[in-house]
Structures are given as C-alpha cells and as structure tokens.
Amino acid sequence: MSGDETSQATETLEAAQTRHRKEQRDLQSRITQKKKNATKKTRKGVNDECSELEREQVARQGREIAVLKGEVAEAGEGDVEDGEEEDEEEEAEVNGLADKLDETSLSSSTQPRPSQQPQDPADAAGAGGGGGKKRNRQKERLARRAAEVEAASAAAESEAAGMTDHRAVERAYMTAQFKTHGLVEQDIQPDGHCLFSAVADQLRTRGLLDGSSNKPVSPEGDAATAADNDDDDDGNKKDQSEPGYKLTRRLATDYMLAHRDDFEPFLAMDETSGGGRGQDGWEGYIDKMRNTAAWGGQLELTALANVYGIEIRVVQDGRTESITAASRTGDGDGDEDKDQKRTIWLAYYRHGYGLGEHYNSLRPAATSSS
C-alpha cells in the first residue's frame with residue numbers, strides 16, 4: 001500500500017467520496033483552462049495530457065475506495081488463483097474505463113447521461129444453471145464513476161462556454177493599440193530569449209544597434225561605453241557578430257552587476273513573495289540570466305533602458321507601460337524626432353501563446369518591411 005493510501009485509509013467512506021468529487025471538479029477546471037489555452041500545434045498534446053490525468057485519477061480513486069471498503073484484504077484471503085483472476089478482470093475493467101475517458105472531451109457535444117446501475121450479473125447467469133455468478137461490486141462502482149466523470153466533463157464544457165476568452169480580449173486591445181501608434185508587429189521566436197531578441201530588433205530598426213558589429217550606439221551616435229571593450233572577462237576578443245539576444249543579455253547583466261544596489265533588493269522582494277526569481281542568490285541569478293534561456297522581465301528592461309539611454313514602451317492587455325532611463329528623466333530638449341528614435345516598442349502577451357508569457361517587437365509601420 002502506498003503512503004497516500006495508508007493515510008487515506010483513516011478516512012470514512014463518505015469523506016473519501018466527498019474528497020473525490022472535489023478532486024474531479026478541480027481536475028475538470030484544470031482541463032478546461034488547459035484546453036482553452038491550447039493552440040492548433042499544442043492541442044493534440046494537451047488532449048493526451050488531459051486524458052492521462054483523468055485516467056490516473058479514476059484509477060487512484062478506485063483503489064482508495066477499495067481499500068476503505070476492505071475489498072483489497074478480502075481478495076487476498078481467497079484462493080490465490082481466484083485472486084489473480086479477479087485482479088486481471090479489475091485491471092481490464094479499469095483499462096476499459098480509461099479508454100472510454102479518452103473519448104471524453106470538453107469540445108464534444110455529448111450531454112451528461114444519468115448514472116445507471118449495471119445489470120446484476122446474477123440475473124444474466126441464471127439461464128446457465130448452477131449457482132449465479134457472484135456480484136462484482138467493483139465493476140458497478142467503476143461504471144458509476146464513469147457516469148460521474150462524463151457528467152463532470154459536460155458541466156465543465158458548459159462552464160467553459162460562459163468563460164471570458166482572455167486571448168481574444170487581449171488580442172483585440174493590442175491590435176487597437178498597434179493601429180493607434182502606427183505600429184506593425186514583428187514576430188519573435190518563443191525560445192526563452194524573446195525579450196532580448198525583441199529589444200535587439202527594435203534597436204536595429206531605429207539605428208541604435210550596428211547590424212554588422214552588434215554594438216550599441218549612444219545618444220550621441222558613438223559606440224556606447226558598455227560595448228567599447230572588445231575583450232571578454234578572460235581577456236579574449238569578443239565575437240563582434242554575436243546574436244542580438246546574446247548582446248542584450250550581456251549588456252543587461254553587466255549593467256545590473258555594476259549597479260547591484262539598484263537591482264538586488266527587488267530579487268529579495270520577489271523571493272519573499274514567492275516569485276522564485278531570487279532563489280539562486282544574486283550571483284546565481286545573474287549567471288542564469290546571462291548564459292541560459294531564462295526569461296527576462298522588468299529588471300532586465302530597466303537595465304537595457306539605462307544602457308542605451310532609451311525609453312521602452314510595453315503594450316500589454318489593458319495598458320501601455322513606460323520604462324525610462326534615469327538619464328532621460330526630465331529630459332526636455334524638445335527634439336521630437338530624436339525622442340521618437342530613442343523610444344522602442346514591445347508587445348507583451350499573457351494569454352496569446354500556449355507556452356506562457358511572450359514579447360514581440362513593434363516596428364513603425366513605414367519600416368516594417370525592412
């Protein structure tokens with residue numbers, strides 16, 4: 001008996017059934033959300049995952065009920081061969097129920113069917129003469145459970161139909177904002193580097209990143225100090241054609257290291273609130289952000305805004321957020337063309353991509369084809 005089954009054996013049968021119903025509702029809510037966020041590419045995998053979750057839950061709950069009713073012990077008291085035969089029948093029944101659950105989907109139009117008691121096996125065996133076959137209560141419970149799962153699936157489908165389509169709402173708002181500001185979306189690969197790749201694309205579009213050397217350009221038009229050193233930390237020459245996302249990752253983390261007091265407290269706050277970004281410590285966080293595909297966020301955008309002396313505007317569902325370099329705070333030179341050149345635009349999605357949050361680049365409509 002597993003640890004879970006041992007602890008659950010102290011429950012009453014009624015308490016276990018109540019818990020099972022809650023677990024079924026919770027699972028259907030999870031399945032509803034998973035399928036709602038699935039894309040065409042991920043839908044099959046999501047459906048398979050949901051079917052597997054349902055199959056595992058039904059099998060586990062069936063075992064727990066059998067333990068509470070003492071039927072597992074009873075099966076071990078009889079003849080060994082009879083016990084093995086009954087185990088095989090029950091396993092086959094559970095597998096059959098799992099196959100049936102594979103056909104249950106929130107996208108189907110099947111209506112919930114009322115729970116029905118299966119025909120007593122003793123009645124069917126009466127015509128064969130001799131003593132009737134012993135009633136198989138395990139099969140009856142599995143049949144009732146299948147009916148309950150189908151009813152829960154239908155209820156979840158009905159609930160999903162009334163839920164807000166967050167993806168559609170987000171897309172509608174974003175599209176309107178793009179049109180208002182004369183922007184065209186440039187898709188960025190969702191590979192973990194999307195924030196840094198989107199920033200690099202914006203800098204190139206506005207002439208703030210030399211495409212041949214990938215060096216940042218300062219507000220005065222010269223190579224920025226942060227990239228003037230062509231040697232890496234080991235004294236070796238840096239590859240001047242490194243991908244844009246690597247350059248922006250490196251410059252962001254260099255700036256954060258040089259201004260540790262401005263950034264480290266936010267990691268500590270995030271760890272205290274359960275965010276998890278600061279769990280590796282300051283050095284571990286910087287190393288991960290520089291050398292892996294770890295997702296960037298507000299801290300990295302703030303660092304990049306200061307490295308390049310730019311304003312970063314992030315269009316997201318419900319608002320547009322502005323992140324401005326400290327050197328530009330209170331800048332009132334009145335040069336509108338210069339201000340526009342040193343303002344970059346990003347699109348930030350919470351619901352539009354199946355894998356999670358994502359950044360795209362927003363180019364000016366006049367230069368989007370370049």
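These residue numbers are counts, starting from 1, taken along the chain as shown.
Cβ coordinates are placed from backbone N, Cα and C, and glycine is handled just like the others.
The annotation compositional bias 'Polar residues' is assigned in TrEMBL to 1-11.
Under the heading compositional bias 'Basic residues', TrEMBL lists 32-44. Secondary structure of the compositional bias 'Basic residues' (32-44) per DSSP (helix as H, G, I; strand as E, B; remaining residues coil): 8 helix, 0 strand, 5 coil.
Sorting each residue of the compositional bias 'Basic and acidic residues' (52-63) by its DSSP state yields 12 helix, 0 strand, 0 coil. As annotated by TrEMBL, compositional bias 'Basic and acidic residues' applies to 52-63 (among others).
What TrEMBL lists as compositional bias 'Acidic residues' is 74-93.
As annotated by TrEMBL, compositional bias 'Low complexity' applies to 107-125 (among others).
Here TrEMBL flags 139-148 (among others) as compositional bias 'Basic and acidic residues'.
The compositional bias 'Low complexity' annotation in TrEMBL covers 149-161 (among others).
The domain 'OTU' annotation in TrEMBL covers 183-365.
Under the heading region 'Disordered', TrEMBL lists 1-163 (among others).
The region 'Disordered' annotation in TrEMBL covers 209-245 (among others).
Across the compositional bias 'Low complexity' (149-161), the DSSP tally of helix, strand and coil residues reads 13 helix, 0 strand, 0 coil. Mean pLDDT for the domain 'OTU' (183-365) in the predicted structure: 80.
Note: the compositional bias 'Basic and acidic residues' (139-148) comprises 10 helix, 0 strand, 0 coil (DSSP; helix = H, G, I, strand = E, B).
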